[in-house]
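Visitor: Once you've had a glance at the structure underneath, I'll fire off some questions.
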Amino acid sequence: MSFRKPPIRLATQVGGKEIIFETGYMATQANGSLTVQCGGTIVLVTVCSQPLESDKGFFPLTVEYSEKMYAAGRIPGSFFRREIGRPSERETLISRLIDRPIRPMFPKGLAEDVQILANVISSDQENESDILAVTGASAAVMLSSLPFECAIAAGRIGRLNGQFVLNPTINEIELSDLNIVFAASSEAVVMVEGEANVVEEEIIIEALEWGHKEIQPIITLQNKIQELAGRNKIPFVPVEENIVFSKKVEELADKFGIVEAMQVKEKQFRKEARKAVKEKVLAILKEDPLYAEHSDILNTVSEIIGNLEKKIVRQRIVKENLRIDGRDTITVRPIAIEVGLLPRTHGSALFTRGETQSLCITTLGSSTDNQRVDSLAGDTVKNFMLHYNFPPFSVGEVKPVRVSRREIGHGALAEKALKYILPSQNTFPFTVRIVAETLESNGSSSMAAICGGCLSLMDAGVPISAPVAGVAMGLIKEDDQFIVLTDIIGDEDAFGDMDFKIAGTTKGITAVQMDIKITGLTTDVMRKAMEQAREARIHILSEMAKALDVPRSNLSQYAPQHAELVVNPDAIRMIIGPGGKNIKQITTVTGAAIDINDSGKISIFAPTSEAMEQAKQMILYYDQRPELGKNYKGKVRKILEIGAILEIMPNVEAFVHISQLAVEHIAQVTDVVQLGEDMIIKVIEITGDRVRASRKAVLLEEEGITWTPEESSRFSKGNRNGDRSRHNNRERTRRT
């Protein structure tokens, strides 16, 4: 019997699966908390907040998603046997997945430090936890006292045999040609993240329309649980604008040329012009006795000028169809491409679009270079990786150099875009790594990484199925009017209402990512954005084809050499050697990476062609097979009464009958043979794994006497009969 109030438990059916919300059971001291369950997967989501002591200039929302190994009945493999260190890449990506649709739902100006924690406490390794975490984050905030615009729910859309599937299992995702995670309110889609195996744009739109309808019961469930268990919302009063002061700032900014500053095409020059306007405005205001002593008012100058800049940019687009850099709404920035510019890399490309530049390098490695990922679903192996770097110099800034969440997210998106065009491991067994170094950035740097990454793959000679390009689309929405922008720059991203990244081939989509700053996006807007993006993508692909239209026919001379051998499975033991002695010697001497399959298939990666040939010979040494009529140098391993056993190859022994040890008759084997002695013998018979040899045949040939297999066979058979006669005589003697 519990002293607590009974928990509130609600459930609904979505996509043929039961989704369960339960609150008032765990983590009740949090501002808002609940568990979200599907099958045996349970995610505990909590939200806490505290008032801000001072305005930070941004909304301090922290989202952390974590997977605990106990959830899948496993113990962490770290030295301390606990989850320590920084979050995994998957945890980071899902944290971003939660943050992106949740953040816009908080009111602007909320003076609260908010932390959302999502912990996977049970995993059936069948139902994915990421969409439960996104939905749970929304529900937890709905239950809390924090103001929140509306409930959102997340879902995953797959496609099997041409049919959409909502929230497919982990195994079904592997078979699906579509894997789209989306979040939506009751009115519209607010976030999209996904990948596809070259799927047409209209199918993506249909999937989102279908998925939006399917997840409505989850939104209804959130509203219901809020009614039953939600806290009273804290009153939120937006900071009242000082209209008189704002008007004065705008007039001064206009006087000092803010309109002209926002028409400067070059990013850095525009930045300097805007800074100069702001400094002039502040200088005047600091001399005004009405404001000189009010630092709190002066601190709002940047925000006021920023809002004015946003208004100027948007109005120019709406009224004049002109953007900051002078383009219309559908034009892609000028493109410059260079491939093969780094002589010692396996593949390289420098992709420049406007003031955004990405240097992409492809490196090929062996199967031992793949990445092993430890997760709740078990250990998986990645043979393709794309790492995106965004150093501070790319935007002319000074900042600490470390891998940020943003870099991990952009790299994951670019990786999704390119993974479907790579050849299978059966035809191209290399591990492939792309590094995208952002050297300059003025928007769409992740899309530049996709374009440059594809070109570097082609320069490396990777036989991709089709080239891929990416482009970022923006949106300006004023009342009922909307304008889609092609290939947005950084300021258009900041001042616009949408960032919709789309990558694909000429035939279809391979990756999408959409974030918006408004309450939702209709499918009509998404359809327009995708159609416009397709035209831009085809243009970009045509520019890429001018630099390199097909993958190079050969790999770089500096790339690893690859070959496959098939050996007798019985020889594997000898190739490996006791304690791995032989295989270690081969890899040490040649520098090769060797993967041995139990079936006898051996995959070899060597740094040079010479090393490859050496590795082959060293492996084949242990897999030699005797040939009939061929001479071999053997070592005497065992002496028997009727002959000797010699090792003629690794793991291959031959029996030499006493009658075949010498030309003349000998009474005992030891008359001509000693243990450990080397001698040349000829293979005269092979029956299965049994090998018979003759020293006598070698001696006869040395004397110039022609030897034939029949002759040795006759001697062999005769002597075997003679042996049986002597054996039978001994038996008769014992009987008498």
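Backbone N, Cα and C atoms are what each Cβ position is placed from, and that goes for glycine too.
What Swiss-Prot lists as Mg(2+) binding site is Asp493, Asp499. Summarising the annotation, Swiss-Prot assigns compositional bias 'Basic and acidic residues' to 720-736. The feature domain 'KH' is assigned by Swiss-Prot to 560-619, with sequence analysis given as support. Annotated domain 'S1 motif' per Swiss-Prot: 629-703, in sequence order, evidence recorded as sequence analysis. Annotated region 'Disordered' per Swiss-Prot: 710-736, in sequence order.
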Visitor: Excluding near sequence neighbours, so keeping only residues 6 or more apart in the same chain, what lies with its CB under 8 A of Asp493 (Mg(2+) binding site)?
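Guide: Within the chain, Asp493 (Mg(2+) binding site) has Cβ neighbours under 8 Å at Gly443, Ala472, Gly474, Asp499.
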Visitor: In terms of DSSP three-state secondary structure, what is the assignment for Asp499 (Mg(2+) binding site)?
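Guide: Its secondary structure by DSSP: strand.
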Visitor: Taking 10 A as the limit, how many CB atoms besides its own sit near the CB of Asp499 (Mg(2+) binding site)?
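Guide: The answer is 21.
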Visitor: Take every residue in the domain 'S1 motif' (629-703), average their pLDDT values, and give the whole-number result.
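Guide: Taking every residue of the domain 'S1 motif' (629-703) together, the mean pLDDT is 91.
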Visitor: Check the DSSP secondary structure of Asp493 (Mg(2+) binding site), expressed as helix, strand or coil.
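Guide: The residue in question, Asp493 (Mg(2+) binding site), is helix (DSSP, three-state).
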Visitor: How do the residues of the domain 'S1 motif' (629-703) split into helix, strand and coil according to DSSP?
Guide: 13 helix, 37 strand, 25 coil
